[in-house]
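Shown next, in structure tokens, is the structure this report addresses.
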């Protein structure tokens, strides 16, 4: 092999190795940081891995929000019409958090099947339902009960 | 009547764009001067008609013409006049009209300021921009007409502008961002025109450079404004969330940064030509991708107005046509272009290549994290999100490497550099940076690797810049020498200083911040970060289109009162939408940030308290980068030597700069 070709081969191999390493690193970082979405039914059925950070969403059940009298701890139940999951959260709930509203919570499921949330999201639009939530309702067959009326039709 | 005239103006602009996008290109191909000459008047006419259409829409907003569906959906008679003005681009249709207007504005600017370009080049550049304009105007007219009427059921009053958008930051954020997005179309058009003409040379890079600089500066200002807005308006105290919408604007900016540096090499040394063209295509494609992501409704956020799949499909097809055709052209033409000159390992070329690699890799990782959930959703229906830790874990080390190479890149010379000279330059910089970093870590008290590393990198970048200044002025003496340096050099220094300032702001504000969410009743006091926050309860307050609970929070340092903050919880009456208005005391070295959560019983509130050290530096650094680019674009050599360069480009003069 002549020196020019040898050098080119070396360069190409170096680039391939670099790109390979970068892609491997990126994918492994991605694997560790994706938050899968689970519906309340799935969590109730024990499908959500215990201890991993997940996203869960549904409608906040009416009359389920309880505030601690001395701290900012709150518990509420999230439903997809079939099953419910209890969410525990310490902190300030978003402006549009309301009972009956569609929300998404991020956190870990504990041994008791309760979601210990570290983040609760409610979007900045009255008529908006997070796509995950409308999909969860669709799966549970309850979407039609929520359409057009409050809270929010999922167009 | 006036909205119909506006509609007509849009259609006429489309006709002119069709002329501008076809005839001059054919003319340039066949060498027909008459047809090439059509480009400039067509561009001017298009700009005039689109300005007219825009004024018509603005007028509809200002006089509360609720028979126009877009006005009825996004304005209200109680809205203050300046928000009526900004509501013009507050939602999908109007922001697209603004987009088209800015595109025609850039085209107009190119036709005015690049008069000395060779005729064919100008015709091709304007032609390509005309084609882009055709795409956007078709989109506007076919799928999202802002002038559509609600007749005969005209509503009595409008549904009001989304309260989140009723804010100063949002008056200026979209136009700035669009100036940047659309500005990259100029760099794109220059690249395509150069490919079409088969002439990728230093002259092309020099024409393209000031436009790219200005576009990049605007995009940077737009991103800074967006981040600042998120900080004070969302009430979370965060300034960047790695939200797909943010990434959509950040990716073209990063690639634009790579493009700027690559253009510099192409201009000065005549290498990296194909790479530069590819970057120009990629930067504009990412701008379009950003538009697709933000406007199509695949993402849901404040920005996603259009949940109409037809619109998403249109932008996606447009994106595919643009990317596909430009890459095909590149594949056909690029092999013809070959660089004649080489460079050694220790040269500025190599360092800028590393800069480009790092920026492209960073952009790719962000692209992966942004698109992965969407792709997976489309393919398998699985819903997931990629969290900020992914982006931080990949992006921050890359930026650290970038800053590390930056200092070397500033000092190293073109083509080849003696190792001994380079190490002689860098050794004192290295020592001083280490010393400064240790000093900073000592002054700040709590030890953190991130702070130490960033302090070192910031000092490394700044001191290398200073070292280069000393070196550049060693012959003439400092004062005289400084005076002789060109604006583009000062622009580079300012931008690099901006990176250091921004990096310090990011690390210090996230590492050293003190935050607490707690329940506070009137009279309650709490210690945080050495300050005492006293909550004095809320009072009722009324604004023009909202009612609010307004709290008073006093901040004490020992016994001295240092700030009184008034966070609000507003309820916008038309949309019945609650909003958090944070109370912020802004300072050069720290911000106090107080936001109200929800009311609890007995006048108590959930309260969010933050002390954010050096958070302003993030935006200050961002602005410094942008102004540095603007300064560089003012360099005389982009204007004065135009004639000489044209001759050079035409091969009339043998020697050029």
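Glycine is no exception: its Cβ is also placed from the backbone N, Cα and C atoms.
Small disclaimer: the values here were computed from a predicted structure and weren't measured.
Looking at B:147-167, B:210-230, B:525-545, the range tied to transmembrane segment in TrEMBL is B:210-230. Within the same chain, residues 268-269, 343, 346-349, 351-352, 354-355, 358-359, 361-362, 365-366, 369, 422, 425-426, 429, 453-454, 457-458, 460-461, 463-465, 467-468, 471, 492, 496, 499-500, 503 sit at least 6 positions outside the transmembrane segment (B:394-414) and bring their C-beta atoms closer than 8 Å to a C-beta of that stretch. The list of residues near the transmembrane segment (B:447-466) in space but at least 6 beyond its ends in sequence, with Cβ under 8 angstroms from a Cβ of it, reads 400, 403-404, 406-408, 410-411, 426, 429-430, 432-434, 436-438, 440-441, 493, 496-497, 499-501, 503-504, 506-508, 511-512. Under the criterion of 3 or more C-beta pairs below 8 Å, with sequence separation of 6 or more, the transmembrane segment (B:487-508) and the transmembrane segment (B:614-634) qualify as touching.
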